[in-house]
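*Asks:* Below is one structure. I have some questions about it.
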């Protein structure tokens, strides 16, 4: 079941077509790690996360951020089945990685901020509302294994 209107879907897919996954992904994950430093504990293998500049310049942060946004691209193709789309990732993050599901919500909010910064006037209140709905849906789907 989807709670996305045709307008939501159009706003999400239209903006997504303009997103540079590598750049936006690295920036989003980097900002999450800077603003919410406790999230760094999940990335011990990434090397130096000792300062904002170390985090933002870390190639492993950039690569994983791109991977996260690539996964988000799959969600955008499957807005009507976010829970199904993220079933395996929810299981991995819950059972194996023990990630607090609140972190998914935080990451989504950071992504919305990054999109707003990079897309200026195109990032209207309506587009923001649609993206906020989508990242909330993704966070819920990723957290579904926890419930």
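In case you wondered, yes, glycine gets a Cβ from its N, Cα and C as well.
Remember, predicted model here, so these are calculated numbers, not experimental data.
OK, Swiss-Prot features for this one:
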type    : residues : note
BINDING : 64, 93   : heme b binding site
DOMAIN  : 3-147    : domain 'Globin'
MOD_RES : 13       : phosphothreonine
MOD_RES : 45       : phosphoserine
MOD_RES : 51       : phosphoserine
MOD_RES : 53       : phosphoserine
MOD_RES : 60       : N6-acetyllysine
MOD_RES : 83       : N6-acetyllysine
MOD_RES : 94       : S-nitrosocysteine
MOD_RES : 140      : phosphoserine
MOD_RES : 144      : phosphoserine
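Relative to the rest of the structure, where do these features sit?
*Replies:* Taking all protein chains in view, 18 other C-beta atoms sit within 10 angstroms of the C-beta of residue 64 (heme b binding site).
On the 0 to 100 pLDDT scale, the model's mean across the domain 'Globin' (3-147) is 87.
Summarising the environment of residue 13 (phosphothreonine), the number of other Cβ atoms within 10 Å of its Cβ, over all protein chains shown, is 13. Residue 13 (phosphothreonine) falls within a helical segment according to DSSP.
Residue environment of residue 45 (phosphoserine) contains 6 other Cβ atoms, counted within 10 Å of its Cβ in all protein chains.
Counting Cβ atoms from all protein chains shown, residue 51 (phosphoserine) has 10 others lying within 10 Å of its own Cβ. Following the DSSP three-state reduction, the secondary structure of residue 51 (phosphoserine) is coil.
Of all the Cβ atoms in the protein chains shown, 11 others lie within 10 Å of the Cβ of residue 53 (phosphoserine).
In the three-state DSSP assignment, the secondary structure recorded for residue 60 (N6-acetyllysine) is helix. Sequence-distant neighbours of residue 60 (N6-acetyllysine): residues of the same chain at least 6 apart with a C-beta under 8 Å from its C-beta are 43, 45, 46, 47.
Reduced to three states, the DSSP call for residue 140 (phosphoserine) is helix. Counting every protein chain shown, the Cβ of residue 140 (phosphoserine) has 18 other Cβ atoms within 10 Å.
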*Asks:* Rounded to an integer, what is the Cα-Cα distance in Å between residue 140 (phosphoserine) and residue 51 (phosphoserine)?
*Replies:* 30
*Asks:* For the domain 'Globin' (3-147), how many residues does DSSP put in helix, in strand and in coil?
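*Replies:* Its residues divide into 119 helix, 0 strand, 26 coil.
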